[in-house]
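Asker: What follows is a structure written as structure tokens; I'll ask about it next.
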Amino acid sequence: MTVTADPVTLMKQEVGKAAAALVKSGSIVGLGTGSTTAYTIQYLGDRLKSGELTDIVGIPTSFQSEVLSKQYGVPLTTLDAVDHIDIAIDGADEVDPHKNLIKGGGAAHTREKVVDYLANQFIVVVDSGKLVDRLGSVFAVPVEVIPMAITPVTNAIKQLGGKPELRMGVKKAGPVITDQGNFVLDVRFDSIDDPVNLEKILNNIPGVLENGIFVNCADIVLVGEVKDGQPLVRRL
């Protein structure tokens, strides 16, 4: 592990390490997407190399987590080859006091939702800046849409009071394309008072594959903080 003086990076490393420490030998592990979860994958690889951890297999939620797992020596499998997931570890863009989440900043929320909801235990890893009183306070709700339906879905979301914006690529001309080959609308709402209902309403729009509201699924939230220049991890 590369040592860095940056306290934010150190914090992410500590949260990732704390999550990796919860994985037991023989586990089937859902591997999330994002900068903090990347450290979890790295620490899982370290534990495997040292012999502290044995006989685990990971199920990646994105091309990013698949590439990192191969890089750090974490064996992989697919949902076709297993009948359960013991533990999933993933990040979030927002976490409310009820442990409801907004995810999808990396456009991987569809695969993440499949894996995270299947897991017997779902661990969320975030920094303290991701904690909010109400979902949608800072982050828009990502909605994955099949390309041919982008216009009718946009119109339907506007009728719900949402303000959708097509996510554009960085270092790529045109819109972001998900691992499933779809577009992402980032939708802002003035207030998300009932995330459970909003998740269902959005998913009932024809052409929507999945949205980034995750409700009633997180078992443990590990929160990283920096105090007096030192990284700390606490549990919600």
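Glycine is treated like the rest: Cβ placed from N, Cα and C.
According to Swiss-Prot:
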- Glu112: active site, proton acceptor (ACT_SITE)
- Thr33, Gly34, Ser35, Thr36, Asp90, Gly91, Ala92, Asp93, Lys103, Gly104, Gly105, Gly106, Lys130: substrate binding site (BINDING)
Asker: Between Thr33, Ser35, which of the binding-site residues has its C-beta surrounded by the fewest other C-beta atoms within 10 Å?
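Answerer: Comparing Cβ neighbours within 10 Å for the binding-site residues Thr33, Ser35, Ser35 has the fewest.
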Asker: Taking Thr33, Gly34, Ser35, Thr36, Asp90, Gly91, Ala92, Asp93, Lys103, Gly104, Gly105, Gly106, Lys130 as the record's substrate-binding set, what's the max Cα pairwise distance in Å, rounded to a whole number?
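Answerer: Pairwise Cα check on Thr33, Gly34, Ser35, Thr36, Asp90, Gly91, Ala92, Asp93, Lys103, Gly104, Gly105, Gly106, Lys130 gives a maximum of 15 Å.
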Asker: Please determine which of the recorded positions listed here (Asp90, Glu112) has the lowest count of neighbouring CB atoms within 10 Å.
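Answerer: With the recorded positions Asp90, Glu112, fewest surrounding Cβ atoms within 10 Å: Glu112.
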Asker: Do you know offhand how many angstrom separate Thr33 (substrate binding site) and Glu112 (active site, proton acceptor) by C-alpha?
Answerer: 8
Asker: Check each residue in the chain of Lys103 (substrate binding site) that is at least six apart in sequence and keep those whose C-beta is under 8 Å from its C-beta; list them in sequence order.
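Answerer: Lys103 (substrate binding site) has long-range Cβ partners Asp90, Gly91, Ala92, Asp93, His109, Glu112, Lys113, Pro142, Gly212, Phe214.
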Asker: Other than Thr33, Gly34, Ser35, Thr36, Asp90, Gly91, Ala92, Asp93, Lys103, Gly104, Gly105, Gly106, Lys130, which residues of the same chain sit close to substrate? List them in sequence order, counting a residue when its Cβ is within 8 Å of the Cβ centroid of the site.
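Answerer: Neighbours within 8 Å of the Cβ centroid, excluding Thr33, Gly34, Ser35, Thr36, Asp90, Gly91, Ala92, Asp93, Lys103, Gly104, Gly105, Gly106, Lys130: Gly32, Thr37, Val126.
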Asker: Provide the three-state secondary structure of Gly105 (substrate binding site) computed with DSSP.
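Answerer: Its secondary structure by DSSP: coil.
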Asker: In the structure shown, with every protein chain counted, which of the binding-site residues Ala92, Lys130 has the densest set of Cβ atoms within 10 angstroms of its Cβ?
Answerer: Ala92
